[in-house]
Amino acid sequence: MKATGVLLLPWVVVGLLAVGVQYANSVWRSQLPPALSLAQASLHGDFAGADAYATLETLANATHPDVSAANQRVYNFIHDKLQDLQTLNGSHKLVLQTARHDLHNISAGRQDTVVVSPPPRKERCDAYAAFFNASQIVVKVPGMFASSVLLSAHFDSVAGSFGASDDGAGVAIALDVLRSVVTSKARPRNSLIVFFNNGEEDYLCGSKWFLDQNLTSRLHVQAFVNLEGGGTGGRAILFRATDEALAATYSQVTPMPHMNSIGGSILAALGSFTDYESYQSAGIPGVDIAFYEHRENYHTMQDNLAHISPRDVQHGGSNVLAFTTALLDVPYLGTFQSDDSAVYFDFVGLWGVTLTANTRFLILLATWLAAGGVVLVYAACFEPTKSIGDVTWRLTTSWSTVVNSLSLSWLGGFMAVLPVAMFVAITRSPKMAWVVLPVAVLGHLVGVTFAAEQWRFRRHLRDDQVPSTRDLAHLAAAAATFADVMSSVVVIKLPGLYLLAIASVTFSVLAIVGLPLVSASIASRELSLADESEPLLRSLDAAPLYYATVPLTQNEAHKSPSTRSWLFHVGVGVALILYMAVPFHFAIDLAVSMNSVGSTNAGLVVALPTLLTPPLYLLVVWFALFSIRPVVFVTVFALYGGLLVLAVVGSAFY
């Protein structure tokens, strides 16, 4: 049992680190700001999350699809809130652009003409034109200039949902942003247009009405902020932006910039649309911000108040308020573009990074400098007599092992999630979503282990034999240089590629620091052995050679190699911890977000392991250190099977 435990230790260490990183990520994701009261928000000039949530409680107390009595009540409630703002702050600060109508009469007239089932969604905008024309709400806060920023949220829900996150929270946020701007002592440079639109759930009827009325030109709209709900609660994410400058502004001014452009690709894969499409197609630059977690609740009765908290609303509202306020003070809104998609991501939800052309070039430069640094350090430490060209060529000839690890790790992750994807494809159920990440990690580790075993086999290493330090250093340098060169794809304007650069640069930095230490350890050991052998040689020269004259006892010099071996493994372990804490954390954060959105989509489940490949395939250097026995694979496959069985059984009772 003890021997088995020792054999499994390297895999247990990586598994525990993976679990630890995912746990830390889940804890971090749950850290949301407290909801501020109106008094607290007014004091600090912040968003009033508690007040906005109270508004949401009224908005989402019943399903309210368009052309319904509940929808009319929401319409009247919004008008009442706007009237209160006008009364308290003066009508000159808040100007209604649309009149208040009695929707009951308009709706009743429409219903009298309907004798068959409702028209298809694509035809509802025309079929219910009278109702949609009367039920849109547009308000303006005049700025110093006519140029304006459009803040848009829809107040209708689907028939089978309370619409708390989609899009009651967006409406509540827009109302409090409006309150903050209206009550501000300073007049904004640009005007603010807030559009509470009706009919988004029916083929984007509300935003199409806005464009058909030519309000874009009449109100001089030059940028938009669209608020949406693609899931229920959690952190609101900036998932689409038409312009890099807009994404960069969001990352700079918001207090908690949760942002990732891969969201747009996911939305396209899911076949979903928002008012963003309408505004962008009209040539308006802007962004899409949405609550996205727990996609399984989207457009269901679970999109209710129980699945979105005041803290969630505070998080989204604080970011939207800060971003909208910043846009209102932009000197010239016309600099933004509507057709230049941005690529961006965030770090632990506190710092946003926009991958502009200059930023991508700097990342490319960093990866190549890292590759050059690894080559120079490796050459100086292990191949001092060879030219840099020869060293570089020798390293590239070892890239085949790294390529093998890359392909096998991805294949292992893909095969591991395939049964889950088949379950999702058949049932459309999210009940096995929790097992996707663990089995994807296991699959990757199996693939990397196979690649490491093939490397050991080519070096004729026995099961219990540790590879030479020089061979391992060569493999590490080859892995670092390959990863750095491969990261050149970061110049392509696609989301997710930054994971390759983060993994390669982190690995290279650790290699640059670690290789000299390993080299020094080898030199020290060789010097120690030389010092130890000198008295022995003198004694052999001074006396006849008999077996009895050879000392058999171990002294401290004999123990030092063992001590250094442990120090070497500890050093490698520390490097492993640092490596898993940085690139693997970036990958797992993106994978968790993707899993939350795509838990009912088999295609996204199959694609998810790709996000974990960039950090995990480089672990081939770690696993090459250790003897790989059948018990390792038996244990991993048993764990994999146990997880799947547990997930299937759990889904039957969940």
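Note that Cβ sites are derived from N, Cα and C of the backbone, with glycine treated the same way.
Record features, source TrEMBL:
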| type | residues | note |
| --- | --- | --- |
| DOMAIN | 137-323 | domain 'Peptidase M28' |
| TRANSMEM | 361-381 | transmembrane segment |
| TRANSMEM | 402-426 | transmembrane segment |
| TRANSMEM | 432-452 | transmembrane segment |
| TRANSMEM | 472-492 | transmembrane segment |
| TRANSMEM | 498-518 | transmembrane segment |
| TRANSMEM | 566-588 | transmembrane segment |
| TRANSMEM | 600-624 | transmembrane segment |
| TRANSMEM | 631-653 | transmembrane segment |
>> Applying the under-8 angstroms CB criterion, which one of 402-426, 432-452, 472-492, 600-624 scores highest with the transmembrane segment (361-381)?
In response: 472-492
>> At a threshold of under 8 Å on Cβ distances, which of 432-452, 472-492, 498-518, 631-653 pairs most often with the transmembrane segment (566-588)?
In response: 498-518
> So which of 432-452, 472-492, 498-518, 631-653 is most in touch with the transmembrane segment (600-624), counting Cβ pairs under 8 Å?
Replying inline: 432-452
>> Suppose I define contact as three or more CB-CB distances under 8 A, residues 6 or more apart in sequence; do the transmembrane segment (472-492) and the transmembrane segment (402-426) meet it?
In response: yes
